[in-house]
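Reviewing the structure listed below.
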Amino acid sequence: MEPDLVASVQESDITLLKSSEDIMEVAISVVLPRLLPLQIEIMVSGLINANPIVDIKDPEHPYSLEELKVISEDAIEVDNERSYVRVTFTPTVEHCSMATVIGLCLRVKLMRSLPSHYKMDIRVAPGTHATEAAVNKQLNDKERVAAALENPNLLDMVDECLAPSYA
Amino acid sequence: MEFLDANLELKEIQKLQGHTDRVWSIAWNPATAAANVPTVFASCSGDKTVRIWEQSPSTLSWDCKAVLEETHTRTVRSCAWSPSGKLLATASFDATTAIWENVGGDFECLSTLEGHENEVKCVSWNASGSLLATCGRDKTVWIWEVMPGNEFECIQVLQGHTQDVKMVRWHPTMDILFSCSYDNTVKVWWSEDDDGDWSCVQTLGESSYGHSSTVWSLDFNAKGDKLVTCSDDLTLKIWEADITMMQSGDGYAPWNHLCTLSGYHDRTIFSVHWSREGIIASGAADDAVRLFVQSKDGSMNEPSYQLLLKKEKAHEMDINSVQWCHGEEKRLLASASDDGTIKVWELATLS
């Protein structure tokens, strides 16, 4: 069955998201519990599999990244000489919180998979999202990311999202 | 400037390990680095502790003298010594600011300042040590008065920034407070009378040649008539004001943009510090330390600044803080990094 990210966010959440200033905080409390774990694993493993610089852990997945339309191979730029990675992803849902959550999971997965001296930039594909500048700014502010990840609830949820699940 | 003619290098004196997570900030104790007093500095980390480092008079190496732990329950983001060097203030993501006193080698927590709604990002003492300022993700700046018996009272909560406030710093000679933020601006806070209300008297934003992304840090030159700011927009900006006018009580003198140093950094600049002799040090997310000085050929009205030297791969990861030591003998610089280490450097002539 095809995963449907849109259906997982309810109308009341949308109102809350639109009036919220702190995107990441709302994302933590509202959106993350609804994100289907398998989707994140697919996105991220596909990213890593596409690039030989990291150890490949290759579980089988029923959906390709193209089918999910979240990440395509040319959306990943890797510069091994400068130890730099840039990931551009297209959130399938308009809500800023969902985009932030996906971006945060991507960042955590990369942090755990790449050597520590690698620099990374995560961003929403230009033109695909109404508040992309705001989302990109939060995702690339390492102090904000560090503070968010100190929230044990968020960390648990991110771990759950990144854990392989074959349900 | 004599620096431009000399053949200088930033020599690594020591690499200090001990913290088990990224080191966010360092602060040299202002009362030390005098003759016959061993140099001391504090560092704070994502490992929730603060470490005190002291230079041994015999070996000249820095050793960790104390670990301040079990007080903050989250990352300690910033630390600052009072001007007398007797107290240390530490700001944490746990939304508190702790005040410590050195009691015969042991550091005791005297007081915990509460009030911020979430992560406190920075703490700063004014020049006389009578006031303390803190700032945080709740977009506010708090001013605290130091009362007798080491009690602290919040005298005002300053609203104005529209986003996370990253850093606060008091002017070196006057009670004027500066704050910089995720909202891309620097705000100047001033109280006309001693007992009066503090208010924002100036905002250095994009419309006044300000930064186009998060401003992470700022510092002043020794005289206090120039200000340097650093940002996620990859530039350093120098500002100046008519300080003599302010000091003579003729009201507030605004800060004006003097120049922008662009093209030198390709990743976020997290820290900037101006030495007593006029060398600006920057620490950035590209793991490098850069030093800038005023150019010789700038005109009187339009001074310009240039790169003195660049230390690539100063650390293995992002540099979060650079701080000049105010000691007279050697030109020492300390740097703190995401790699969990602190390095002490000496700016010396190439041997």
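The first residue you see is number 1, and the count goes up from there.
Cβ coordinates come from backbone N, Cα and C, glycine included.
Please treat TrEMBL annotations as automatic predictions, because they have not gone through curation.
If you look up TrEMBL, you'll see B:16-54 (among others) marked as repeat 'WD'. When Cβ-Cβ distances below 8 Å are used as the criterion, the repeat 'WD' (B:16-54) is approached by residues 62-69, 72-81, 83-86, 88, 90, 92, 100, 107, 317-318, 320-321, 323-328, 332, 334-344 of the same chain, each at least six residues removed from its ends.
Listed as Cβ neighbours of the repeat 'WD' (B:69-101) (distance under 8 Å, sequence separation of 6 or more from its ends, same chain) are residues 21, 24-32, 40, 42-46, 48-50, 107-114, 116-125, 127-129, 132, 134, 136, 150, 152, 167. Marked as repeat 'WD' by TrEMBL: B:69-101 (among others).
Per TrEMBL, the feature repeat 'WD' maps to B:113-146 (among others). Within the chain carrying the repeat 'WD' (B:113-146), a Cβ under 8 angstroms from the stretch's Cβ atoms is held by residues 74-75, 77-84, 87, 89-99, 152-175, 177, 179, 181, 187, 189, 198, all 6 or more beyond its ends.
Marked as repeat 'WD' by TrEMBL: B:158-189 (among others). Within the chain, the repeat 'WD' (B:158-189) has long-range Cβ neighbours (under 8 A, six or more residues past its boundaries) at 78, 121-128, 131, 133-137, 139-143, 198-206, 210-220, 222, 224, 227, 229, 231, 233, 243, 246-247, 255.
Mean pLDDT across the repeat 'WD' (B:208-240) comes to 97 in this model. Marked as repeat 'WD' by TrEMBL: B:208-240 (among others).
Only residues 6 or more beyond the boundaries of the repeat 'WD' (B:312-351), in the same chain, are considered here, and those with a CB under 8 A from a CB of the stretch are 6-17, 19-28, 30, 33-34, 39, 41, 43, 45, 53, 62, 267, 270-277, 279, 281-285, 287-289, 291. Residues or ranges marked as repeat 'WD' by TrEMBL: B:312-351 (among others).
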Per DSSP, how many helix, strand and coil residues does the repeat 'WD' (B:312-351) have? 0 helix, 20 strand, 20 coil
In the repeat 'WD' (B:16-54), how many residues does DSSP put in helix, strand and coil? 0 helix, 18 strand, 21 coil
